[in-house]
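Engineer: TrEMBL lists these features:
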type	residues	note
REGION	1-23	region 'Disordered'
TRANSMEM	90-108	transmembrane segment
TRANSMEM	170-190	transmembrane segment
TRANSMEM	196-215	transmembrane segment
TRANSMEM	251-269	transmembrane segment
TRANSMEM	276-297	transmembrane segment
TRANSMEM	333-351	transmembrane segment
TRANSMEM	371-392	transmembrane segment
TRANSMEM	398-418	transmembrane segment
TRANSMEM	462-490	transmembrane segment
DOMAIN	538-645	domain 'STAS'
Amino acid sequence: MGIELQNHQSHQEEASPAEDPVSRWLISTPEPPTMWQELVKYTRTNVLSKKRNKKKNSSSSNRIYSFLKSVFPILNWGRQYKIKMFKKDLMAGLTLASLCIPQSIGYANLAGLDPEYGLYTSVVPPLIYSTMGSSRELAIGPVAVVSLLLSSMVRDLQDPITDPIAYRKIVYTVTFFAGAFQAIFGLFRLGFLVDFLSHAALVGFMAGAAIVIGLQQLKGLFGLSHFTNKTDVVSVLSSVFHSLHHPWQPLNFVIGSSFLIFILLARFIGKKYKKLFWIPAMAPLISVVLATLIVYLTNAETRGVKIVKHIKPGFNRPSVNQLQFNSPQLGHIAKIGLISAIIALTEAIAVGRSFATIKGYRLDGNKEMMALGFSNIAGSLTSCYVATGSFSRTAVNFSAGCETVVSNIVMAITVMVSLEVLTRFLYFTPTAILASIILSALPGLIDISGALHIWKLDKLDFLVLIAAFLGVLFASVEVGLLLAVGISFARIMLSSIRPNIEALGRLSKTDIFGDVNQYPMAIKTQGLLTLRISSPLLCFANANFIRDRILKSVGEVEEEEDEQEVKTDNAIQVVILDMSCVMGVDTSGVVALEELHQELASNNIRLVIASPRWRVLHKLKRAKLEEKVKEENIFMTVGEAVDTYLRVRTTSHDLC
């Protein structure tokens, strides 16, 4: 390789490193594997190799057992399970159940369902997850955000007040689709779809949802009868102010606010004294028991205190025949299921990974998706709604010293016993206490420090956060999500369509070339303009923009030289294009390079390509662009291109 100078071709041929083995390596690289070849290789590596390994096992039972262990991690760690671990899991599970029971009743109310359905959701999904999940601490069950999501979106299809049975059927079907999508994501390793909901979007969404949930609990806290079904803050506040003009009983507010203060005080004590973690965990259950006793002993329900009333006793009821696959609204139901699946997965995996990092083990994201998916599919068949990992309950589970997911099993069994034994006692539970329990859990959803960190780190990310927050707050949950995802996509598209073109200079006494704006001390070479394309793709979306930006950069340098009256022999003679960041190029990109070469050649400027990637170089060869640019103008590194130019220029000046 080398650079021909127009007036010294013969001398450059002497200086050209055509015999340099590095040059031959670059030009004579073999063709990269095709998509079909990569697919065959993947199949051989991941499928046929497994089959060969299975053939080594003579017994079919061994093959079956190996498959079962890969699907059910409990078969791996269960063999090493010890009684000491069970003691810790037992205490953690009982502590978890004490928090789970009141929260589940409250979240079911938030989802527009009867209280027992929240308890059902704390039985079957945790049991299924315990056999398939890879997290040791994650506590599975109903959560506030998903409950709000279902309530706001399913309510548009069916009002739970006018026809609660039809509403439940739609919720079961949504749960089935949510589980099916989650299982498919895990089976086909499509976890990247969950990443479309960025961290900033999730922080904003959670904060907005927390405020909306909190405002909706004013109905239970004040014991209001007339209340809106909408979730936006304007409608909710308007409904509260209008409802206060109707008769309402202050006893509901007294009970709810009193126990809310008690729960928050218990949480403060638990944070200050880590060994007393069980106090905030037990506080909701203690509040329910005390409030129920107060109402029962004082007959407060006759004085206007609203109570839960009847909760159906017994275990989960089959709901297979209630799934609405023939519904004319099936498309909308599937859409709600998809949104619920993504939200539930995002929350569960984020919570699971955070605690797995603390414990020092790796969480398998695909197994988590499969476990949550089958948990929700099983839940949809047993009168449950969408379940996922709860941050507050997982934190309690972790603090209680859980060792494995057996704590989830203990919790589920405890809830089953409660369904059979305690449902009659819960008849007199005031709805205000359920509202206070939900309100006490909401501060954990508002991450103010995280929002401030995002503001300091990335203003565009903060814009995504604000969009999700305001969308949920003033429109709906769905609008908030769409705004956040839309802005995130727009940001990605903008960076892809309008990539940076960086002017490079050499750092003194090194072979490193950096952006002259980032490194002002970088030295530019006279007669040479080195530019780097900061985009992984040179494609139809940005090819023309990149070509125009390069030509504009050349024009700007020439204008500066004209103003400074630079001699013609120091004018730009070569443009070196650093393509080390470009991973792929399409037809439009190749055409743009051809046009760039022609435009520069018409101005007696030579185009040099440095650091082309394997697939990019292959495309250039197939388009025969390397014949037009000439092979001697393609270099392995920017440093090699610059050194060759300097060597040729020095030789030319000496001969002159």
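Numbering starts at 1 and runs along the chain as it is shown here.
Backbone N, Cα and C define each Cβ position, glycine as well.
Map the listed features onto the structure and describe their local environment.
Structural biologist: Counting residues 6+ beyond its ends, the transmembrane segment (170-190) has Cβ neighbours under 8 Å at 111-113, 150, 154, 157-158, 319, 322-325, 327, 329-330, 333-334, 336-338, 340-342, 344-345, 365-381, 383-386 in the same chain.
Long-range neighbours of the transmembrane segment (196-215) within the same chain, counting only residues 6 or more positions beyond its ends whose Cβ lies under 8 Å from a Cβ of the stretch, are 110, 144-145, 148-149, 231-233, 236-237, 240, 342-343, 346-347, 350, 438-439, 442-443, 445-447, 450-451, 454, 458, 461-462, 464-473, 477, 480-481, 484-485, 488-489.
With a threshold of 8 Å between CB atoms, the same-chain residues lying at least 6 positions outside the transmembrane segment (276-297) that come near it are 95-96, 98-99, 101-103, 255, 259, 262-263, 266-267, 269-270, 305, 307, 396, 399-400, 425-426, 428-430, 432-433, 436-437, 440.
Beyond its flanks by at least six residues, the transmembrane segment (333-351) meets 138, 140, 143, 145-146, 149-150, 153-154, 157, 170, 173-182, 185, 193-194, 196-197, 202, 205, 324, 327, 363, 365, 368-369, 372-373, 376, 386-391, 394, 478, 481 of its own chain at Cβ-Cβ distances under 8 Å.
Within its own chain, the transmembrane segment (371-392) is flanked in space by residues 99, 103, 108, 111, 113, 117, 120-126, 128-129, 132-135, 138-143, 146-147, 150, 168, 171-176, 178-186, 316-320, 323, 340-341, 343-345, 347-349, 351-352, 441, 444-445, which lie at least six positions past its ends and keep a Cβ under 8 Å from the stretch.
Under DSSP, the residues of the domain 'STAS' (538-645) split into helix, strand and coil as follows: 65 helix, 15 strand, 28 coil.
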Engineer: Give the nonlocal contacts of the transmembrane segment (251-269) in its own chain as ranges (CB under 8 Å, at least six residues past its ends).
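Structural biologist: Residues 220-223, 276, 279-280, 282-284, 287, 290-291, 294-295, 300, 303-306, 430-433, 435-437, 439-440.
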Engineer: With pairs closer than 6 in sequence left out, are the transmembrane segment (462-490) and the transmembrane segment (398-418) joined by 3 or more CB pairs under 8 Å?
Structural biologist: no
Engineer: Could you give the residue numbers and ranges of same-chain residues that sit at least 6 residues beyond the transmembrane segment (90-108) on either side and whose C-beta is under 8 angstroms from one of its C-beta atoms?
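Structural biologist: Answer is 114-119, 121-122, 139, 141-144, 147, 278, 281-282, 284-285, 287-288, 308, 311, 385, 390, 392-393, 396-397, 400-403, 406-411, 413-415, 418, 422, 426, 429, 433-435, 437-438, 441.
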